[in-house]
């Protein structure tokens, strides 16, 4: 509503819930969010508000008591920042180089002592490494030689130790991760690009290839049907 003075000037008298020279802002204090007796102070030009807290309270909405541990005991050590989660609980954000619930420990993992993809955790200023399968040692620096334990490779296969793992080299006629399967040349087919596999012996095969157009440089040429003589191969 516009109110006019005798001299011709006037102002806008805003209805409840609106503020500003032209009542263009909603009153941010309409729903008073300030707790514990706090007073809402509107910033009309910005449509925002702040809480002026009663004695003994703090926080954006005056929701925390100044007797909160973050204020009284200051539990976060070594420059850590205390975050109030509720009236009496908190969480510390630690400075780089420190860890622990209250940032009380030096972060022993900062130097990345754990090797080979292992996980580092700090406990009481010391690090502990959780190793991936295939590695051992305080820092997971030692490769486990799986081939020291017999029986990994079946049917006379030879065990080859690899970093963090091992591989079985199979005798003729066997295949699979543990040399536990009979080798059938065309099952599954090794031929690619639509080629057809034909078994030519106990351990040999050939691929009958489809006619294929191949680009070499700027020229196109047609490759006729050809036969590739395959030999036994190790799938591993």
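Placement of Cβ uses the backbone N, Cα and C atoms for every residue, glycine included.
These numbers come from a predicted model, not from an experiment.
Per Swiss-Prot, domain 'EGF-like 1' is recorded for 1-24, and the stated evidence type is sequence analysis.
The N-linked glycosylation site feature in Swiss-Prot is assigned to 7. For residue 7 (N-linked glycosylation site), the Cβ neighbour count at a 10 Å cut-off comes to 6, with all displayed protein chains included.
The disulfide bond annotation in Swiss-Prot covers 14-23 (among others). For residue 23 (disulfide bond), the same-chain residues that are 6 or more apart in sequence and have a Cβ closer than 8 Å to its Cβ are 12, 14, 15. DSSP assigns residue 23 (disulfide bond) to coil in the three-state reduction, outside any helix or strand.
With a cut-off of 8 Å between Cβ atoms, the residues of this chain six or more beyond the domain 'EGF-like 2' (25-63) that come close are 16-19, 71, 84, 87. Taken from Swiss-Prot, the feature domain 'EGF-like 2' covers 25-63.
DSSP classifies residue 40 (disulfide bond) as strand under the three-state reduction. The disulfide bond feature in Swiss-Prot is assigned to 29-40 (among others).
Residues annotated as disulfide bond in Swiss-Prot, with sequence analysis given as evidence: 34-51 (among others). Residue 51 (disulfide bond) counts 22 other C-beta atoms within 10 Å of its own C-beta, drawing on all protein chains shown.
When other Cβ atoms within 10 Å of the Cβ of residue 53 (disulfide bond) are tallied across all protein chains shown, the result is 21. In three-state terms derived from DSSP, residue 53 (disulfide bond) belongs to neither a helical nor a strand segment and is classed as coil. The disulfide bond annotation in Swiss-Prot covers 53-62 (among others) and is backed by sequence analysis.
According to Swiss-Prot, the feature domain 'EGF-like 3' maps to 66-104. Away from its own ends, the domain 'EGF-like 3' (66-104) comes close to residues 56-59, 110, 122 of its chain (Cβ-Cβ under 8 Å, at least six residues beyond either end).
Residues or ranges marked as disulfide bond by Swiss-Prot: 70-82 (among others). Taking a C-beta cut-off of under 8 angstroms and a sequence separation of 6 or more, residue 70 (disulfide bond) has the following same-chain neighbours: 64, 76, 82, 83, 84, 90.
Under DSSP, residue 92 (disulfide bond) is assigned to a strand (E or B) in the three-state scheme. Counting only same-chain residues at least 6 apart in sequence, those with a Cβ under 8 Å from the Cβ of residue 92 (disulfide bond) are 75, 76, 80, 81, 82, 83, 101, 102, 103. What Swiss-Prot lists as disulfide bond is 76-92 (among others).
Neighbour list (residue 94 (disulfide bond), Cβ cut-off 8 Å, at least 6 residues apart, same chain): 76, 78, 80, 100, 103, 107. Per Swiss-Prot, the feature disulfide bond maps to 94-103 (among others).
Summarising the annotation, Swiss-Prot assigns domain 'EGF-like 4' to 105-141. Long-range neighbours of the domain 'EGF-like 4' (105-141) within the same chain, counting only residues 6 or more positions beyond its ends whose Cβ lies under 8 Å from a Cβ of the stretch, are 94, 96-99, 163-165.
In sequence order, 114, 116, 118, 137, 140 make up the list of same-chain residues 6 or more apart from residue 131 (disulfide bond) whose Cβ falls under 8 Å from its Cβ. Sequence annotations record features per position, and here Swiss-Prot assigns disulfide bond to 131-140 (among others).
Marked as domain 'EGF-like 5' by Swiss-Prot on the basis of sequence analysis: 143-180.
Per Swiss-Prot, disulfide bond is recorded for 147-159 (among others). A simple way to gauge crowding: the CB of residue 147 (disulfide bond) has 16 other CB atoms within 10 angstroms, across all the protein chains here. DSSP classifies residue 147 (disulfide bond) as helix under the three-state reduction.
Annotated disulfide bond per Swiss-Prot: 153-168 (among others), in sequence order.
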Q) What is the number of residues in the domain 'EGF-like 3' (66-104) that are helix, strand and coil, as DSSP sees it? A) 4 helix, 10 strand, 25 coil
Q) With every protein chain in view, how many other Cβ atoms are within 10 Å of the Cβ of residue 34 (disulfide bond)? A) 22
Q. Do you see any of the disulfide-bonded residues 34, 147, 168, 207 whose C-alpha is within 10 Å of residue 53 (disulfide bond), and which ones?
A. 34
Q) Among the disulfide-bonded residues listed here (40, 170, 191), which has the Cα closest to the Cα of residue 7 (N-linked glycosylation site)? A) 40
**Q.** Overall pLDDT for the domain 'EGF-like 1' (1-24), taken as the rounded mean
**A.** 75
Q | Neighbour tally for residue 207 (disulfide bond), based on other Cβ positions within 10 Å of its Cβ | A | 19
